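This report concerns only the one structure given below.
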Amino acid sequence: MEQYHGTTILSVRRGNSVALGGDGQVTLGNIVVKASARKVRTLYQGQILAGFAGGTADAFTLFERFEAKLDKHQGNLLRSAVELAKDWRTDRMLRRLEAMLAVADREHSLIITGNGDVLEPEQGIVAIGSGGAYAQSAARALIENTELSPRDVIAKSLAIAGDLCIYTNQCHTIEVLD
C-alpha cells in the first residue's frame, strides 16, 4: 500500500469509545507550508470520524464523495466505504486522486485506498500517512500496556510520530465518539 507524505492519521478504539486524530503539517516537497491544517473531521451529523492522508484537494474531493455515499446509505459506514471504493476504482477522474481515508463509526474502523481496497485492521487501530507506522506502533504498545482513553492514546502516539517523522508535526486535531 502506497503511503503519502505529509501527515499522520491514527484511529484507536477501546471499549465503547473510538477516536481519530491527525497532525496539521502540510508540506510542498521539503518545505512546510502550513502547520495547522485540519485533516480530521466528523461527518454524517457527528456519527462518523474521518481523516485523510495525501493531496489536500484530492482528499476534499473524496470527503465530498464519501459524504454523498453516507447520505445515500443513511450513515451505513461499511456500505458507503465499499461504494466509494468501487467508484474510486472505476471512475477515471477519481483513479487519479492521490489520497487515503481513515474512517470510523461506533462499530468499525476502516482504511479506504485508491486501489479500491476497504480494509478493517485488527485490534481497532488504523494508521495512514507517512508517520502511520510510528503512530500505530506507539498506539499498540499503549493499548496493550496502559488504561489510557483512545483520545490520550492518540495524543501520545501522534507526539511520538511527530518526533520521528519529518512530515508530521505536534499540532494535533482529535475527534472522539463516546
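Cβ atoms are placed via backbone N, Cα and C, with glycine included.
Some features that Swiss-Prot has for this protein:
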- Thr7: active site (ACT_SITE)
- Gly162, Cys165, Thr168: Na(+) binding site (BINDING)
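What Swiss-Prot annotates, mapped onto the structure for a quick look.
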| residue | record | DSSP (3 states) |
| --- | --- | --- |
| Thr7 | active site | coil |
| Gly162 | Na(+) binding site | helix |
| Thr168 | Na(+) binding site | coil |
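In sequence order, Thr8, Ser130, Gly131, Tyr134 constitute the residues six or more apart from Cys165 (Na(+) binding site) in its chain with CB-CB distances below 8 Å. Annotated Na(+) site Gly162, Cys165, Thr168; additional same-chain residues within 8 Å of its Cβ mean position, judged by their own Cβ, are Thr8, Asp23, Gln25, Ser130, Gly131, Tyr134, Ala135, Leu158, Ala161, Asp163, Leu164, Ile166, Tyr167, Asn169, Gln170. Long-range Cβ contacts of Thr168 (Na(+) binding site) within its own chain (separation 6+, distance under 8 Å): Thr7, Thr8, Asp23, Gln25, Gly129, Ser130, Gly131, Tyr134, Leu158, Ala161, Gly162. Summary for the recorded positions Thr7, Gly162: the Cβ-based neighbour count within 10 Å is maximal at Thr7.
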